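Below is one structure, written out as structure tokens; the observations come after it.
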Amino acid sequence: MPELPEVEVVRRGLQDHVVGKTMTAVRVHHPRAVRRHEAGPADLTARLLGARISGTDRRGKYLWLTLDAGAPTTGRDDPDAALVVHLGMSGQMLLGGVPRAEHVRISAVLDDGTVLSFADQRTFGGWQLADLVSVDGSVVPAPVAHLARDPLDPLFDVDSVIKVLRGKHSEVKRRLLDQQVVSGIGNIYADEALWRAKVHGARVAATLTRRQLGAVLDAAADVMREALAKGGTSFDSLYVNVNGQSGYFDRSLDAYGREGEHCRRCGAVMRREKFMNRSSFYCPRCQPRPRR
């Protein structure tokens, strides 16, 4: 699943190419892609038609296009709605040529002739229109309002998150994946952050010191910035940027996917174990497993 860096790469691509453009045609090719839009495909296409894209934004793994959606019918120019995009496991926001037809779920033609396509092989992602609401001093779409800030958010409060984590009597990795504690971190970057901080993901969050938790959160921010600079992490063709290009941070991973390889820090053999229906990768020497 795309995590924060991958979603931010897509957002930046959209920011450069679609802001200021108006949707002149919209077509839903597969109803599952708009299942979160309760009013249905016809309502979504009708409301998007003529809407001007005024900006792009993101929180955690969600991105959205702010729209002057009221302009065609009310004459207002203020952004009052958002097109929320969740990439799910394999969603792609692509510009230009249409990708393989069987995977295109939604397409929109912009007033300069650009085609914006949402392709999704596994159909877990989708689009929905939502009202914008004010939460913690930020304006976000209503479906995103429950998410915590992410480590790359300028208003991310490390001390507050540490306080929340120290009150949790469950594994620290479980809490890092909790999008209501800190958003944007998924399995890959959780493992990378824990490896950098020399903390095993099975450690109970409440038993870690403030310094240890701060090191984990700082590492998460650092590794995601590095991944962002390299276009994100791509293990297959399911994650690409708006031009259909893969990221290459997978070559720089220190923990995730490295079972049986030597730890780049101490030389021990990296291990994998099951965790929350996922796999966790760690160094048994740098990140000793807690005693039960």
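Backbone N, Cα and C define each Cβ position, glycine as well.
Lifted from Swiss-Prot, the feature list:
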type: ACT_SITE; residues: PRO2; note: active site, schiff-base intermediate with DNA
type: ACT_SITE; residues: GLU3; note: active site, proton donor
type: ACT_SITE; residues: LYS61; note: active site, proton donor
type: ACT_SITE; residues: ARG278; note: active site, proton donor
type: BINDING; residues: HIS103, ARG122, LYS168; note: DNA binding site
type: ZN_FING; residues: 254-288; note: zinc finger
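Features recorded in Swiss-Prot, as mapped to the structure shown.
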residue : record                                         : Cβ contacts under 8 Å, 6 or more apart
PRO2    : active site, schiff-base intermediate with DNA : VAL10, LYS61, LEU87, GLY91, GLY232, TYR239
GLU3    : active site, proton donor                      : LYS61, GLY184, ILE185, GLY186, ILE188, TYR189, MET224, THR233
HIS103  : DNA binding site                               : ALA119, ASP120, GLN121
ARG122  : DNA binding site                               : GLY88, MET89, SER90, LEU238
LYS168  : DNA binding site                               : ARG175, VAL181, VAL204, ALA205, ALA206
ARG278  : active site, proton donor                      : ASN187
Cβ neighbours of LYS61 (active site, proton donor) where a neighbour is any other Cβ within 10 Å: 23
Positions whose Cβ lies under 8 angstroms from the zinc finger (254-288), at least six residues beyond its ends: 171, 173-174, 177, 187-188, 191-192, 194-196, 198-202, 235
Reported mean pLDDT - the zinc finger (254-288): 97
LYS61 (active site, proton donor) - helix vs strand vs coil (DSSP): coil
The zinc finger (254-288): DSSP-derived helix, strand, coil residue counts: 0 helix, 12 strand, 23 coil
Reduced DSSP assignment, HIS103 (DNA binding site): helix
